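Visitor: Quick one: the structure is below, questions incoming.
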Amino acid sequence: MGTPLSGTETADLPEFTEAPAEPLALAREWLAAAREIGVSEPLSMTLATASSSGSVSARSVDVKRIDDTGLVFGTSLESRKGGVLLENPHAALQAYWRETMQQLRFEGVVEVLGGAESDALFADRSPRSRAATAVAAQSVPFATGPAEGRAALADAAERLLDEHGDDVPRPPAWRALRLVPDYVEFWLGRRDRLHRRLRYLRVEGGWVADHLQP
Ligand SMILES: Cc1cc2nc3c(=O)[nH]c(=O)nc-3n(C[C@H](O)[C@H](O)[C@H](O)COP(=O)(O)O)c2cc1C
């Protein structure tokens, strides 16, 4: 792991004189370089969604991987965001890495992955995190007082851990989701404010890339 940048330096980053054909491969290159430099939680991203009536909401999610199709994360379909995504799958993911002054933006449609892929993603979490996820009805208010409600969740999580050990089963509503982008943007901050922007738009059979003014 390299030394984190102080915020007054810029990393040795691409100048965008060229645009590789595949933005998701480029995103993985950026990610590998960010991990090398020591960027903190580079895949903690903001997920923005919009209801069918157009009201917008945003929250953080941990993207688990960027594959050749899109960005994969996990959540409950019964949460607020889950309900909104089932209503309108159009969404955006965004991250800013302050250590390197890089921003990544993805816009597209979210698909719900199958049981096997969801199981694999769920199994990747620690047993305690699986148990906590399994007992909580995400985004639902406590029916009792918060202290009582949290104590009941903690007890239920302990019972699940006692019963299943490392194999706490995935709640059926908790699924792996993939944002399949049709817009990808790489943003590289510059001290002279002439920030670099490389935008990809999906077209039939591939992508077109353009360098945008800052
Ligand atoms: C850094 C960070 C990462 C998070 N990762 C996830 C995640 O991967 N999945 C998830 O469901 N919630 C995650 N959360 C919690 C969400 O931000 C949010 O509170 C929760 O999903 C409920 O959102 P909703 O009411 O809009 O559905 C994360 C929160 C933070 C601060």
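Just so it is clear, glycine is given a Cβ too, placed from its N, Cα and C backbone atoms.
TrEMBL: automatically predicted annotations, no manual curation.
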Visitor: From the candidates TRP97, TRP187, give the one listed by TrEMBL for the same FMN site as ARG59, SER60, VAL61, ASP62, VAL63, LYS64, ARG80, LYS81, GLN103, GLN138, SER139, ARG197.
Guide: TRP187
Visitor: Counting only residues 6+ away from its ends, which parts of the chain sit with a Cβ under 8 Å from the domain 'Pyridoxine 5'-phosphate oxidase dimerisation C-terminal' (174-214)?
Guide: 10, 13-16, 19, 21-24, 26-27, 30, 47, 64, 67, 69-77, 85, 91-93, 101-113, 117-118, 120-122, 133-134
Visitor: Just to be sure I understand the packing, how many Cβ atoms besides its own are within 10 Å of the Cβ of ARG197 (FMN binding site)?
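Guide: Taking every protein chain into account, the count is 16.
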Visitor: By DSSP, how many residues in the domain 'Pyridoxine 5'-phosphate oxidase dimerisation C-terminal' (174-214) are helix, how many strand, and how many coil?
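Guide: Residue counts for the domain 'Pyridoxine 5'-phosphate oxidase dimerisation C-terminal' (174-214) by secondary structure: 0 helix, 30 strand, 11 coil.
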Visitor: Which residues in the same chain, at least 6 apart in sequence, have a Cβ under 8 Å from the Cβ of ARG59 (FMN binding site)?
Guide: THR46, LEU47, LYS81
